[in-house]
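Quick look at what TrEMBL annotates:
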- 135, 136, 137, 162, 178, 182, 331, 335, 336: L-histidine binding site (BINDING)
- 37-408: domain 'Aminoacyl-transfer RNA synthetases class-II family profile' (DOMAIN)
């Protein structure tokens, strides 16, 4: 009966346009709503396959929410940034790995606190519940446990995915790159941690993004602070997530959330407010070690002692001018166990590392433009995956590459900077007609010698067109062939910027191109 119904109504459904037509199908005897829906779906799929109604499908030409395309100019900026970052990672002795873009859902579950709701879950594919990776840290911990690796210094650059509310102009996307550097292994306290901060300092300095500060804190100090301020143990993580919003919300709003939404007492919230307003350096750590409340927490004292040790190593690394001990820094991820840090760009004003801040007083005059790096110590994460619970201490940093790209793109637009999108060193051109074979022959010689070169894809291009292409593309040199040059065994080498021309013997051309492009 159902099959006859499908045959009789196929042509009608092919032209289905409105809800009334669908509603009329409910009167057909013996057919349930579910059966009708199933058959309608099949017929619509068939219609799509055969191109029903001869109507051309109108595609919505847009990228998915929270994603974007990158044009050649934007990609040139990205590649330059990646090169700087990878160069720094390699300078510090890191090797690289890669992991799948999706993981078992249970691998990611329960590792990100309140941010777990941002994980992209995939449909069941053959019996495995999978999720797109939220970051590169948890997959790294899984990789260490699975392969029984107890020490490694690695970097990993790859895309991650978060079901967040995107803010494209600020470099906040649902699909984005992370650039991670991590040191795993049992080492003496604060030496690897200090190196991670040195890496953040060097990368942000080399990229010339503007003034920046690296905020430092310790999860043990936060937990100790919460304890002495009267926060119940079961509220530590949720209050920590609220404190983490201080870079986006004023204290009044953070306090309100603690009290009204999280159920914290006003007295405890006010005590927390006194501490999280403090910024400084080693001197602040020493002062807090003498604080009557803080010294009641062994956990906080251990964290403060490590902060002091950290600053002593940072002085040797010559980066203390950019690092500030900031008690408001929380970083909401659940897996952090010790030192945490964040690199932020700052606007003009009293910087967090200034005299006022060093004395442990509030430094509200400094305005944060945005976080561009973050990380910390996570000594327990690998043990979550190891069958025997064996821990591998880890510390690492992630560079916020998308926000950096946004800043550099805006700077390039504002300065009308000409960004080269290719690396071509020389254009092989001809001054007369019928020299295509000679151009291709010279082009092959240059390619075989490792020179980046190209020709115009025309048999008889005009010389002016070839020179204009070089100017527009930023190609620095033109190798010009003419009948006279071929007779003399030379090539006329033209410098595009200065329009200087010089005859170079064919045998010496490769060396001359290398010499001139290495000076550029």
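Every residue, even glycine, has its Cβ placed from backbone N, Cα and C.
Overlay of TrEMBL feature records on the structure.
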residue : record                   : Cβ contacts under 8 Å, 6 or more apart
135     : L-histidine binding site : 112, 160, 178, 180, 398
137     : L-histidine binding site : 180, 182, 335, 378, 381, 396, 398
331     : L-histidine binding site : 244, 340, 342, 374, 376
336     : L-histidine binding site : 219, 376, 377, 378
Would you count the other CB atoms within 10 A of the CB of residue 178 (L-histidine binding site), including those on all shown protein chains?
19
Any idea of the Cα spread of the L-histidine site, 135, 136, 137, 162, 178, 182, 331, 335, 336, as a max distance in Å?
21
Could you tell me the mean pLDDT over the domain 'Aminoacyl-transfer RNA synthetases class-II family profile' (37-408), as a whole number?
87
